[in-house]
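Colleague: Take a look at what TrEMBL says about it:
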{"type": "DOMAIN", "residues": "4-352", "note": "domain 'Isopropylmalate dehydrogenase-like'"}
{"type": "BINDING", "residues": "ARG96, ARG106, ARG134, ASP223", "note": "substrate binding site"}
{"type": "SITE", "residues": "TYR141", "note": "site 'Important for catalysis'"}
{"type": "SITE", "residues": "LYS191", "note": "site 'Important for catalysis'"}
{"type": "BINDING", "residues": "ASP223, ASP247, ASP251", "note": "Mg(2+) binding site"}
{"type": "BINDING", "residues": "GLY281, SER282, ALA283, PRO284, ASP285, ILE286, ALA287, GLY288, GLN289, GLY290, LEU291, ALA292, ASN293", "note": "NAD(+) binding site"}
Amino acid sequence: MSKKILVLPGDGIGPEITAEAVKILNACREAGLDAELEEALVGGAGFDAEGDPLPESTLAKAKAADAILLGAVGGPKWDTLEDLSKRPEKGLLGLRKNLNLFGNLRPALLYPQLAEASTLKPDVVSGLDIMIVRELTGGIYFGQPRGIEERNGERVGFNTYVYAESEIERIGRVAFEMAQKRGKKLCSVDKANVLEVTMLWREVMNRLAPEYPDVELSHMYVDNAAMQLVRAPKQFDVVVTGNMFGDILSDAAAMLTGSIGMLPSASLNERQQGMYEPCHGSAPDIAGQGLANPLATILSVAMMLRYSLGEPTLADRIERAVGKVLDQGLRTADIAYPGTRQVSTSEMGDAVLAAFAEA
Ligand code: NAD
């Protein structure tokens, strides 16, 4: 049966980068992918058109889709909206929550052609290929009770860090299975020396380990993990961690690779339905100027083909095409340096398309 892909361009550079990714998706359809594309509004664009960053019609289409490709949401135009529930970011959070997208996969892969773009020494990062598996719908960002209230004559802010065993187990399984498909090493990051919730986290990971005998499980405290990521990042294969630690560590890992414009992501639920998006935001500072790097979004399409659409061969072809274009020395402004040829957003998309045809 034909698969349904929902494209949500969003705001800022979102429409420009998703347009390039759609070119690749259409090339995949010509190469045999049986899929229908549909487009809908989200974020500031949804608010402007329908007064809601996640219009009902968009949510209905998202629920019916096998996979969603999102550009980015947000921008200064909506930053002053007093009703926080109308802010563009609420569209994104609403999609994650409504579709129960609990498993966030963020690869930090350094293309050898871009080793010079990293702030770390090339020998520390060249060959870097980490997959961070972050729990996305639980933990301290969602725990109750939460708030700011008056206690003993002063204001007190509080949040609750909570994970049920079942939540830990399902993200643990995603991570173990991911490690089985990669280098067979899984590092679980916690703060089990201080926090009971992560003592339970560690216990559950240890309980799962015998079911995946081919995977070598290790544990690391989050403070050490932050240090090791910048000291010797190549020691990691798959990293699994909770929502807040994953938020912070995945951004640090992202920057090891030099440019946020290169990094895709996937957020999956138990049915392997997924939302795929670049790790960066809507970059209002460069929107509409043809300066945005579309590669993170194009690489998000590759993740979509691999994890939601069961088309790993097409996914490999897209990744090879991106590598080839970088080999040719083509660069958008964010990754350009002397000796390379700077191209616009659409020129980069067209170059990947041409390389895909030959890959
Ligand atoms: P940002 O990621 O949009 O931009 C940070 C910097 O990186 C900017 O200088 C931008 O020009 C550059 N950049 C980002 N993507 C790029 C690309 N593809 N090519 C070249 N350069 C790129 O982060 P920000 O400036 O903190 O946020 C801007 C807006 O995006 C805000 O409204 C924020 O809320 C929103 N945001 C959205 C998401 C999302 O939709 N998932 C994520 C983060 C931020």
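Using N, Cα and C of the backbone, Cβ positions are placed for all residues, glycine too.
From a predicted model like this one, the values you see are computed outputs, not experimental measurements.
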Colleague: Could you say whether, by DSSP, ARG134 (substrate binding site) belongs to a helix, a strand or a coil region?
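Modeller: SS state of ARG134 (substrate binding site) = strand.
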Colleague: With the Cβ atom as the reference point and anything under 6 Å counting, tell me which of the recorded positions (ARG96, ARG106, TYR141, ASP251, GLN289) are near ligand 1.
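Modeller: The ones that qualify number zero, so the answer is none.
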Colleague: Can you give me the same-chain residues 6 or more apart in sequence from LYS191 (site 'Important for catalysis') with a CB-CB distance under 8 Å?
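Modeller: Listed in sequence order, they are THR198, TYR221, VAL222, ASP223, PHE245.
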Colleague: For the binding-site residues GLN289, ASN293, work out the Cβ neighbour count at 10 Å and name the residue with the minimum.
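Modeller: Sparsest of the binding-site residues GLN289, ASN293 by Cβ contacts within 10 Å: GLN289.
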Colleague: From the Cα of ARG106 (substrate binding site) across to the Cα of GLN289 (NAD(+) binding site), what is the distance in angstrom?
Modeller: 27
Colleague: Ten-angstrom check, please: count other Cβ atoms within 10 Å of the Cβ of ASP285 (NAD(+) binding site), all chains counted.
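Modeller: Result for ASP285 (NAD(+) binding site): 11 neighbouring Cβ atoms inside 10 Å.
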Colleague: Among ALA283, ALA287, all listed as binding-site residues, which has the most CB atoms within 10 Å of its CB?
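Modeller: In terms of Cβ crowding, the pick is ALA283.
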Colleague: List the Cα distance (Å, whole number) between GLY281 (NAD(+) binding site) and ARG134 (substrate binding site).
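Modeller: That comes out at 18 Å between the alpha carbons.
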Colleague: Going by DSSP, give the three-state secondary structure for LYS191 (site 'Important for catalysis').
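Modeller: Looking at the DSSP assignment, LYS191 (site 'Important for catalysis') belongs to neither helix nor strand, so coil.
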Colleague: Work through the binding-site residues one by one (ASP247, ALA287, ASN293) and name whichever has its CA nearest to the CA of ARG96 (substrate binding site).
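Modeller: Result for ARG96 (substrate binding site): the nearest of the binding-site residues is ASP247.
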Colleague: Please list, in sequence order, every residue of the chain apart from ASP223, ASP247, ASP251 whose Cβ lies within 8 Å of the Cβ centroid of the Mg(2+) site.
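Modeller: Same chain, not in ASP223, ASP247, ASP251, Cβ within 8 Å: VAL222, ALA226, MET244, PHE245, GLY246, ILE248, LEU249, SER250, ALA252.
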Colleague: I need the CA-to-CA distance for ALA283 (NAD(+) binding site) versus ASP247 (Mg(2+) binding site), whole Å please.
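Modeller: Given the Cα positions, ALA283 (NAD(+) binding site) is 19 Å from ASP247 (Mg(2+) binding site).
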